[in-house]
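According to TrEMBL, the transmembrane segment annotation covers 12-34, 46-66, 73-89, 158-174, 181-199, 271-288, 300-321, 333-356.
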Amino acid sequence: MRKWIIDNRLLRQLDITLIISALIIAIFGVMNIYSVAGISYLRTQIIYIVIAIVICYVILLIDYNMMSNYSEIIYWIGIVLLLATDIQGRSVNGASSWLQLGPLPAIEPAEFFRMALALILAKKVSDMDGEVNNPKGIFKILFYTAIPAIMLYKQPNLGMAIICVCIAVGILFISGLNLKIIFGAIALIIPTCIIIWKANILKPYQMARITSFLHPELTQQTTGYQLTNSKLGIGSGGILGKGFLHGTQVSGGYIPEARTDFIFAAVGEQWGLVGAVILLLIYAIILYRILKIAKNSKDILGRLICIGTFAGLTFSIYQNIAMTIGLAPISGITLPLMSAGGSSIIANFAALALVLNVGMRNKKINF
């Protein structure tokens with residue numbers, strides 16, 4: 001029985017600020033989901049949060065060093081799930097990202113794969129003993145990153161593919177990858193994007209989203225309808241917002257996916273600029289605490305796990321909020337800890353639990 005109980009000396013090392021901040025955002029998310037979609041989605045989201053907390057507890061029980069020893073197995077199980085999704089995934093909004101496992105609710109394997117990728121890349125880089133700049137080391141990281149990125153692109157789930165790249169870049173950067181390599185890769189991005197656009201490699205819906213982003217005034221009633229109404233809702237919220245349950249745009253059904261991808265529109269309309277800024281500050285606290293845990297980590301492995309999580313989380317927050325206000329093309333990336341959906345809420349809490357796992361074991365404790 002004792003193996004299911006976390007020692008009090010470890011519990012005292014938990015980052016309470018990080019935990020409270022994550023729970024505040026989750027509760028705030030439940031409120032906004034209720035205001036947009038009603039009581040049934042509220043109940044479902046609460047159930048998912050409870051499941052997420054239980055999974056977090058299990059993750060905290062297992063030393064992250066021991067977990068990393070099985071990172072290869074975890075990674076390839078994730079790849080198999082992504083492959084199964086590619087073959088027989090359920091299509092939602094044009095992307096076959098959902099996998100039905102018997103009588104269980106459908107899951108989005110890509111959400112959970114982010115943690116598997118951060119874990120295996122952290123393990124591989126930490127085993128390189130500072131040799132990350134040699135061709136063999138770089139190829140190994142590219143290999144483990146490219147496989148899921150290509151599979152996710154084919155679903156098509158470009159947003160998640162980019163998150164995989166961000167996790168790899170974050171880990172490589174903090175590991176001391178030569179700046180010439182980094183700047184060289186950045187220099188290739190623009191011509192690569194131009195080639196992809198000209199060669200019609202992107203899916204039609206992806207091109208439509210980019211066109212809507214570049215020329216929103218031309219697509220207000222078609223592909224730009226969602227963004228146009230999102231900006232109207234956020235703008236109409238003003239400084240203090242219209243008030244809880246008084247969001248006419250989000251509650252009136254004018255913004256598709258307002259409970260999931262466009263939950264930030266509900267925040268802006270109901271809680272105004274003040275509510276949006278407070279939310280961003282809480283996210284900033286979470287990201288800061290992740291970096292602090294990374295800095296205080298007792299080993300390279302723990303530090304890289306934290307940085308990989310930080311990179312993926314930072315991009316997710318930026319991309320989701322930016323797309324709702326017209327600063328980035330629309331993607332299927334949810335707002336971490338807030339958007340409705342079991343896969344999203346459970347995966348993000350699990351990722352934070354892995355960071356907390358590193359933090360609670362950053363000091364030697366004699367048992």
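In case you wondered, yes, glycine gets a Cβ from its N, Cα and C as well.
All TrEMBL annotations are machine predictions without curation.
Contact between the transmembrane segment (300-321) and the transmembrane segment (12-34) is not supported: fewer than 3 Cβ pairs lie under 8 Å, counting only residues 6 or more apart in sequence. The transmembrane segment (271-288) shares more Cβ pairs under 8 Å with 12-34 than with any other stretch in the list 12-34, 158-174, 333-356. Beyond the transmembrane segment (158-174), the same-chain residues lying 6 or more positions past its ends with a Cβ under 8 Å from any Cβ of the stretch are 97, 110-111, 113-114, 117-118, 121-122, 125, 132, 138, 141-142, 144-145, 148-150, 152, 182, 206, 294, 303-304, 307-308, 310-312, 314-316, 319, 331-333. Sequence-distant contacts of the transmembrane segment (333-356) (same chain, six or more residues past either end, CB-CB distance under 8 Å): 14-15, 18-19, 22, 25-26, 28-29, 32-33, 37, 41, 44-45, 48-49, 51-53, 55-57, 59-60, 64, 67, 105, 107-108, 111-112, 114-115, 118-119, 159-160, 163, 259-261, 263-264, 283, 286, 290, 293, 305-306, 309, 312-313, 316-317, 319-321, 323.
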